[in-house]
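> Pasting the relevant annotations from Swiss-Prot:
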- 1-33: topological domain 'Periplasmic' (TOPO_DOM)
- 55-62: topological domain 'Cytoplasmic' (TOPO_DOM)
- 84-106: topological domain 'Periplasmic' (TOPO_DOM)
- 128-146: topological domain 'Cytoplasmic' (TOPO_DOM)
- 168-527: topological domain 'Periplasmic' (TOPO_DOM)
- 34-54: transmembrane segment (TRANSMEM)
- 63-83: transmembrane segment (TRANSMEM)
- 107-127: transmembrane segment (TRANSMEM)
- 147-167: transmembrane segment (TRANSMEM)
């Protein structure tokens, strides 16, 4: 048979081989399983790599396929909720223990695990493929695969260079290589941030207090968790689930924007002094109150991993008195209720104090899974049980605020209380009976959170519509408590209708993004 014709037939048989289709499907699922958007280019290029390796280095191909399939299978449920690895996901990995990890695993829909098993099964099939007895000659198809896969490797680096960036081979868009790079780079950034945090947390604060004129005897900061503003009736939600906040005399901020989309990053930027985008962990609102002569208390229902290893722990340990409902690791006992914190505040308020008091309560609030917070209870069904429980967590927090307010009124001391949430959440599996909410950074609702101030001398229920940013929280804290410090630049009166200027948030890639450029994730009230 003519050699050219024979080579043409071999090429055609390989192009239309079931294994070519198999590797294409596997490449596609690995791409999606690692959290990256579908790309026909990289799916086809990775298929070409697998075909080439099978021809030349079959054992290497099996290792690559096996490892990639295993990682993609395990990561697939997370990828659908959180996307590709970034600073936030690696930070969460560092600051989450087995208990919370187990809880997170139960929130993903069952079919995410089914797809993960399917990806793993494809990997097993690929590994078990028998080697061909006769090694075929190198042909045109092999050359095309080689040229195509190598050329694709340079696409992203060349694009970066063309768009004013730097040409780096490590920026290749191949999902497998990109995943490894994203994990390594972001993990190094997290470790560097934690080392810097530990160093600064052990240092003395650098506040220069210039005046201390508190209006009230007791100040209370209640830090909520994962509450998006449109889930609370008092802040424009469709449900009458916050009767206390909706009616109490005080200030409702209708447009308060969180600093970031996760607890550690958001509160790190909110509660600490920030210089060039980096939190100065030694200079936070607790050390400022200490420096001003306040007595400080920190009561938490979020547990404590260690003394310095999270932004919250580094702040909490600076208070004069610190108590955690959960002994030991974060969420060591997920059944502890936020309401138990009121036993601690009752003890503090029952005592007489000569100094001004700052009491901080850190809630579990609406942290996923919401049904674990409510023991499966909800009042109004909306789309899914988890969504319905999420709405009910707002009622639980509202009831806690009511009881805390009553404690403060009965104490006989003048007081002011501020409540806000660290960040919001976004809907996943929208419109399905498994709909749930998880961390995200793409939508305005991830940053739209409640913020309210209730004081003992308030005479009316008022709403402030001017937009406010959590990046200016220390400015608010200074004005609220009457503590002036040289390091705090007051840009505008926080409790006013004066405009605050453009507002930026910090996304999970640690980039500053204009809040107005974010998408929307509407809370559909349909049952």
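Even glycines carry a Cβ here, placed using N, Cα and C.
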> At least three Cβ pairs under 8 Å linking the transmembrane segment (34-54) and the transmembrane segment (107-127), pairs spaced 6 or more in sequence?
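Not in contact, no.
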> So which residues does the transmembrane segment (147-167) touch in its own chain, when a touch means Cβ under 8 Å and the partner is 6 or more beyond its ends?
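Those are 41-42, 44-46, 48-49, 52, 173-174, in sequence order.
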> Mean pLDDT, the topological domain 'Periplasmic' (168-527)?
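Mean pLDDT, the topological domain 'Periplasmic' (168-527): 92.
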> Just to be sure I understand, if DSSP states are collapsed into helix, strand and coil, how many residues of the topological domain 'Cytoplasmic' (55-62) fall in each?
7 helix, 0 strand, 1 coil
